[in-house]
Each structure stands twice: as C-alpha cells, then as structure tokens.
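Below: one structure, written as structure tokens.
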Amino acid sequence: MTDTLDAFIRGLPKAELHLHIEGSLEPELMFALAQRNRIDLPFQSVEEIRAAYAFSNLQDFLDIYYQGAGVLQTEEDFQDLTIAYFRRLKADGGVHAEIFYDPQTHTDRGLPFSVAADGILAGMKQAEDELGITSRLIMSYLRHLSEEAAFETLRQAEPYLDRFVGVGLDSGEVGHPPSKFANVMKASRERGLLINAHAGEEGPPAYVYEALDILGVDRIDHGNRALEDQALTRRLVDMGITLTVCPLSNLSLCVVKDLKEHPMKRMLDLGLKATCNSDDPAYFGGYVGDNYIRTAEAVGLTRDDLATLAKNSFSGSFLPAADKARHIAAVDAYLAAQ
Ligand SMILES: Nc1ncnc2[nH]cnc12
Ligand SMILES: [Zn+2]
C-alpha cells in the first residue's frame with residue numbers, strides 16, 4: 001500500500017453507518033473507567049485485554065463485549081466513550097455517523113434508561129460543536145432476548161423517540177430470526193423510527209428475506225450471506241438497499257477466513273449499495289479508515305470503488321436529501337482535486 005492511497009482514503013469525505021458505540025471502548029478507557037468506578041476487571045493490563053480479543057465466532061466476541069460494557073456506569077462515562085469515537089472518526093475523514101447502542105445491555109444491569117441515552121446524546125452534541133461531525137442515534141434490540149423485552153425497551157424509550165432516528169436488531173443472530181421481532185418492529189415503525197437489522201452476518205439468506213419481507217427494513221447490516229442466493233442478490237440490487245458491510249469485523253469473527261476472500265469488490269461489481277464500516281473497532285483492530293485501507297489492499301479496490309463506497313455511505317444515510325446531495329458533491333469535488 002502506498003502512502004498516497006492511505007492519504008487518499010483518510011481525506012475522502014465519508015459517513016460511518018455501522019458502529020456500535022460500546023464496541024469503540026478501547027482497553028485504555030476500559031481500564032480508566034474501571035478505576036473511576038471502582039470496578040474489578042478480570043484483566044491485569046491493557047495487553048492482557050487485547051490478548052483476549054481472539055474470536056472464533058460472533059458469540060465469542062459478544063461474551064467479552066457485554067462484559068466490557070460493565071465499566072460504563074454514568075452519563076459522563078458514556079459521553080467520554082462517544083467523543084473518543086468521534087475524534088477517531090475525524091482523523092479518518094468522517095463527517096457523519098449513524099451509531100447504534102444497546103439499551104438493554106445497560107438497563108439489564110440496573111442503569112436507568114436515561115444514563116446511556118443522555119450520555120451518548122451529549123457526546124454526539126459535543127462532536128457536532130467541537131468537530132463539526134453530524135450524527136444520528138439508533139437503539140438496537142438484543143435479539144437473544146425476547147420480543148417482550150424489546151417492547152419494554154420501546155416503552156422506556158418513549159421520552160427519547162424524537163432523538164432516535166431508528167431501531168436496530170443485533171447480538172447473536174443464528175436461532176433468532178428477524179421474524180421473532182415482527183411485532184415490535186412494526187410498533188417501532190408506527191412511532192416514526194426507521195428499521196435496521198443485522199442479517200446475513202452468520203445467519204442464512206432466509207434471514208435476509210425475513211428482514212426485507214417481514215420487517216420491511218430500510219437498511220441491512222452486514223448482508224454478506226445474501227450473496228449465496230442469486231435471486232436475493234438481484235432483489236437487493238433492484239431495491240437499492242444499502243448494506244453496511246464491516247470487513248475487519250468479518251475477518252475477526254471468521255465470517256471470512258482471509259481478507260483477500262472478502263466479498264466487498266464483488267458486491268460493488270454486482271451493483272449492490274455496499275458501504276464500508278468498522279462495527280466494533282476497539283475489538284476488531286481498526287476504525288473506518290483502516291477498514292477502507294486494508295480492504296482496498298486485500299481485494300484491490302480502485303479509487304473509483306473507494307469513492308463509490310463513500311458516496312454510498314451518504315446516499316444510504318438517514319440524512320435529508322439535500323444533505324446527502326451536498327456530501328456526494330463533496331466526494332466528487334475531492335476526486336476532481338486529486
Ligand atoms: N457484529 C455484531 N453482530 C451482532 N451484534 C453485534 N453487537 C455488536 N457488534 C455486533
Ligand atoms: Zn454490528
């Protein structure tokens with residue numbers, strides 16, 4: 001990889017559309033918050049934490065990720081976590097982000113609903129004021145829990161609904177198909193929320209069909225396994241559905257064995273609206289810029305491919321049409337200036 005491609009990617013204006021804020025908790029901050037909140041961690045050092053980040057599948061990762069989130073106790077903790085992420089995004093040329101958080105991970109350990117929500121929203125405002133980065137917040141339902149528990153989360157979220165752009169569906173996919181959440185997703189949509197679902201990360205193409213047909217999703221998170229089904233792939237292309245693809249996550253969680261086998265290039269060549277994202281960057285070895293760079297290296301993305309990814313990140317965002325057009329024009333202007 002030449003330095004020039006690295007610089008080209010970091011300067012390319014982009015949005016991140018698939019980021020779990022709890023997944024941006026770096027070991028250093030985990031240690032600092034554990035100390036601040038007098039919480040014992042089962043690790044003696046930052047190096048020991050990083051050494052534990054060797055996953056063979058999604059569940060391996062989730063076990064450590066939910067444990068790590070336990071150090072987040074106060075609004076200030078969530079604000080510190082959030083602004084730290086946006087500083088990284090700024091360094092990678094990010095100008096907008098639509099971020100997930102998992103309310104149930106926090107309410108289930110006794111925090112009031114307001115603590116995480118207010119802290120993250122404060123961090124997002126700080127990012128806009130200090131860094132000029134805009135953002136939107138998406139609350140995700142944990143799919144290993146019941147639909148009833150998701151309904152309870154929607155009830156608790158009632159005072160915040162004007163500050164959430166949408167809902168998501170995450171956590172362990174296999175055995176928890178989108179159809180399990182049909183009613184709560186319908187209720188969420190009726191409250192004006194846009195619908196996202198992780199589908200086709202580890203789960204089969206049938207889960208992607210369910211996300212489309214039963215949930216009526218506005219975006220699919222991951223979507224890799226849709227490529228196993230030609231008719232489904234064609235449908236995603238025809239519908240222009242945005243896929244929030246996460247290459248380094250896919251590598252860490254063994255969705256692909258080698259980054260050289262990653263389908264990103266194939267997705268673009270097929271005309272899918274793929275975007276490039278980091279998912280849980282503190283756990284998967286890279287933020288959004290690293291995801292662009294390492295994928296470009298591994299599968300041979302051209303500058304035009306990279307610009308397409310950046311444009312897809314804006315066209316697939318939940319921003320108003322005029323803002324999308326302004327950001328896409330900025331990508332074209334950036335390309336023309338090279
Ligand atoms: N990659 C992922 N898949 C499902 N749930 C998640 N929660 C955080 N990251 C996730
Ligand atoms: Zn995810």
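From the backbone N, Cα and C atoms, a Cβ is placed for every residue, glycine too.
Note that the structure is predicted; figures quoted are calculated from it, not measured.
Summarising the annotation, TrEMBL assigns domain 'Adenosine deaminase' to 13-333. Look at TrEMBL and you will find HIS18, HIS20, HIS198, ASP279 tagged as Zn(2+) binding site. The feature active site, proton donor is assigned by TrEMBL to GLU201. According to TrEMBL, the feature site 'Important for catalytic activity' maps to HIS222. Feature annotation from TrEMBL assigns substrate binding site to ASP280.
Comparing Cα positions, GLU201 (active site, proton donor) lies closest to HIS222 out of the recorded positions HIS18, HIS20, HIS222, ASP279, ASP280. In this structure, HIS20 (Zn(2+) binding site) is part of a beta strand by DSSP.
In this structure, the C-alpha atom of HIS222 (site 'Important for catalytic activity') lies 9 angstrom from that of ASP279 (Zn(2+) binding site). Neighbour list (ASP279 (Zn(2+) binding site), Cβ cut-off 8 Å, at least 6 residues apart, same chain): HIS18, LEU19, HIS20, GLY23, CYS246, LEU248, SER249.
Each residue in LEU19, GLY23, PHE100, ASP170, ASP221, HIS222, THR244, CYS246, SER249, ASN277, ASP280 lies on the same chain as HIS18, HIS20, HIS198, ASP279 and has a C-beta within 8 Å of the C-beta centroid of that Zn(2+) site, without being one of the site residues. Residue density at HIS198 (Zn(2+) binding site): 29 other Cβ atoms are found within 10 A of its Cβ, drawing on all protein chains shown. Over all protein chains present, the Cβ of the residue listed as 'active site, proton donor' has 23 other Cβ atoms lying within 10 Å. Taken in sequence order, the recorded positions HIS18, HIS20, HIS198, HIS222, ASP279, ASP280 that lie near ligand 1, meaning a CB under 6 Å from one of its atoms, are HIS20, HIS198, ASP279, ASP280. DSSP assigns ASP279 (Zn(2+) binding site) to a strand segment in the three-state reduction. Ranking the recorded positions HIS18, HIS20, HIS222 by how many Cβ atoms sit within 10 Å of each one's Cβ puts HIS18 at the top. Among the recorded positions GLU201, HIS222, ASP280, no residue has its Cβ under 6 Å from any atom of ligand 2. For the recorded site, the residue listed as 'active site, proton donor', the DSSP three-state label reads coil. Counting only the Cα atoms, the space from the residue listed as 'substrate binding site' to HIS198 (Zn(2+) binding site) is about 14 angstrom. Neighbours of the residue listed as 'substrate binding site', defined as other CB atoms within 10 A of its CB across all chains, total 25.
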